[in-house]
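The block underneath contains the structure these notes are about, expressed in structure tokens.
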Amino acid sequence: MASVSTAYVSASVNRHSHAAGVSSASLVAFGSATCVALWNVEDFSDKGVYQTLPGHNGRITAVRFLRDESLITADDKGSLKYWTKLDGKWRIRDSVPAHKNAISSLAVHDTLIVSGASDSHVKVWHVSEEHIQQAGTISLSGRYPLSVELTSLPNSSALVLAIGATDRNIQIWTRSDENFVQAAVLSGHEDWVKSLSFRPPDAGSDTLTLASGSQDGTIRLWNIEPRVKPTTPSTNTSDDLLDAFEASLGDLADAEEGGRQISLKRHVITVKGEDSVQQYTVTFDALLVGHEAGVTSLAWRPSASGSHDAQTLLSTSTDSSVILWSPSTVITASKDGSTLWINRQRFGDVGGQRLGGFVGGLWARGGREVLAWGWNGGWRRWLQRPRSSENAIEDWEEVGAVTGHSGPVRGVSWSNDGEYLLSASLDQTTRVHGAITKSDGSGPVWHELARPQVHGYDIIDAVFLSPTRFISIADEKVARVFDAPKEFVTTVSTLGVADLGVDQEARPRAATVPPLGLSNKATVDVSQSSDDAIPIDNERTNRRPFEGELAAVTLWPEIEKVFGHGYESIALAVSNNKRFVATACKATSADHAVVRVYDTAKWQPVGEPLAGHTLTVTRISFSPDDKYILSVSRDRTWRLFQYQSADGGFLPIVADKSHARIIWDCDWAQEGDVFATASRDKTVKIWPLSNLDSQKWTAATTLKLPEAATAVAFSAEDSDGRRRLAVGLENGDILIFSGSKDDPAIWTEDLRLDTQIAHVDQIYRLAWRPGPHREGTKQIASCSEDGTLKVLLIHMGMI
């Protein structure tokens, strides 16, 4: 019986500061479009994302672990979902329409959940074994909660809730019975409060610390501790004296802190229990200034209670930096010890291409690893090296992490022999992915190897012309051709991905994009690099590139532009002998609904444009012998063109309009005897080329499907004499059919891949991996509107 497993998942993190969570076992769950992606950081094989969980209809905005095997997720449609792991599989136990608008943040504590949303409400939920039940609502009167945090007060079972909102204040709420009541409002930040994090008291201490990060670029620390009554009668000098002192510091604060408010006011909060009343004070403790832009997330380091490491605070910012803060004792002139919070470590990028900075950050491996994700959805990862002694300075090194497209992936293309895979996305990048063999011989494990094109237009498709050259089309009139630099050739050889056997010396080292430019320019040596580029590093070719390097130094030089269309490009195909390239553009009339064919040797047109369609051509496909061009269109027709000569080009020979809706895709069987067309009318039709001998074209068979067919791909004939046909559907499912060359009318459904392993949205392309495979297995690449790229391993079994 046929089965399937996941070889590779390329997925990015959503652009939300709370879109990822980590368990105590270092399992990272993050929102990737409408999926929950799972990544085991401690996985020795370094596979990256190993599973995506469907279930949400909106983009996931917040993820928090209740326990190692239970998870809470929220989305931008206001939905809240409760997941548990049973028998090794994650399942949704309950789902509630929690808010009317997008949920912006989540907090969890024991069996309580707090959700904040842009409907100006914060809601409290109780989680039971099976269900989520609402336990309370807090209205913020038009202000939006950006961050919520929940924990218990020192030496008490009472709870304290902190809410950071768009009014620049932090609201403190407490609960000792069933309801939360507002206890204090902390002011001082000059912009939105986007992140909050509680640190529990150290051993032998009663002080709970709250860290708050703001769009104003600062971090404030607040101490919450039991109130100690004065031993002598008060002379009404406590708060009044502090208020007067603050007023006297006004000018000084404005001068030294750039207008930032330094409040020394002591807030007193009261919690009523069954038999007693407890009072706590909330005071400002420290102002941390180091980021040059807004703070996006905060996280205290998990560690044994009372250890020095537990006082380390992780902060991320849109200035492209990650900072680790920790206290240091400084001896003052009066010989007293004074605690100052200092910047212990700074990760990320300094200057250069910041690309939106960091959106959020997490601790993993019990505080020995820092994870952060950027605006474009890629992860960065730093691992603490073992210390030589307990008092030694921490030493950190960057290691590889998960990467993925931040927009719908529209195109995939294998290199000639299937060594690596090229993807194109509406996030305006093309990316090369390959399977790396590790130094210990284990693997291969898939990773992103290069980002050849970082463009200014949404990229629609990209296809290899050779192992070191490809052509791409974007939402522009021009097709662009790129050639691999020396660094890429060296990298894939060193990592065991492919031995390309090409001359490296004649190739440029790398490529750069000029300011305000769209074309990648070749860089012959390091001195020609722009100021923003990361210097060429020979050591980098011995490992896979990191996210910061992928975005800056793995570009391929552009060597050719192909013109001809009057509107934005929409379809691209390359002949099997790599001699011809065919393109089409968006069209609403027959004049522009043409296919243009170019000779790749001179990049000149071949014959006249191929006319006949009346609306946009959606896909073009060359027959295996390159004798025919098949095109399908929004006008519900497919057309076949036959090659005549170098001067005459291709001429039309047949057209058909059997489909009732738009035809999305088409593909030729690799034996060249049949081709398939996939349509929104929920059918795939198989057409035998033997119809050329007759005047009437009829489909050999019609495969009826449960959803609209959006992608189709034939595999080569197996040793058992059967070939496979993969069909991608509009809902993200993939169906695998098998049939015999002897009877193209009979096809059997062997395997159905649903959203649990395939995709959750429209599939754009399917591509079987060429080259030899282990007996009984095949690999297929798929890309989708959900922003993921997957390589699936099909185990054929006995079929």
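Glycine is no exception: its Cβ is also placed from the backbone N, Cα and C atoms.
Please treat TrEMBL annotations as automatic predictions, because they have not gone through curation.
The feature repeat 'WD' is assigned by TrEMBL to 53-83, 96-135, 186-225, 288-326, 402-432, 610-645, 656-691.
Remote same-chain partners of the repeat 'WD' (288-326), defined as residues 6 or more beyond its termini with a Cβ less than 8 Å from a stretch Cβ, comprise 17-18, 24, 191, 194-200, 202-204, 209, 211-221, 257, 341-350, 354-363, 366-367, 370, 372, 374-375, 380, 382. Count of Cβ pairs under 8 Å against the repeat 'WD' (656-691): among 53-83, 96-135, 186-225, 402-432, 610-645, the largest is for 610-645. When DSSP labels each residue, the repeat 'WD' (288-326) comes out as 4 helix, 19 strand, 16 coil, counted as helix, strand and coil in that order. When averaged over the repeat 'WD' (53-83), pLDDT in the model lands at 97.
Counting C-beta pairs under 8 angstroms (sequence separation of 6 or more), the repeat 'WD' (96-135) fails to reach the repeat 'WD' (402-432), with fewer than 3 such pairs. Here the repeat 'WD' (402-432) has Cβ contacts under 8 Å with residues 9-12, 15, 32, 37, 39, 48-49, 376-379, 447-464, 466-467, 470, 472, 474, 488, 492, 497-498, 547, 550, 572, 761, 764-767, 769-771, 779, 781-789, 791 of the same chain, all six or more residues outside its ends. In terms of DSSP secondary structure, the repeat 'WD' (186-225) contains 0 helix, 23 strand, 17 coil. The residues of the repeat 'WD' (96-135), classed with DSSP into helix (H, G, I), strand (E, B) and coil, number 0 helix, 26 strand, 14 coil. Remark: secondary structure over the repeat 'WD' (53-83) totals 0 helix, 20 strand, 11 coil, with classes taken from DSSP. Counting residues of the repeat 'WD' (656-691) by DSSP class, helix then strand then coil, yields 3 helix, 19 strand, 14 coil. Broken down by DSSP into helix, strand and coil, the repeat 'WD' (402-432) contains 0 helix, 16 strand, 15 coil.
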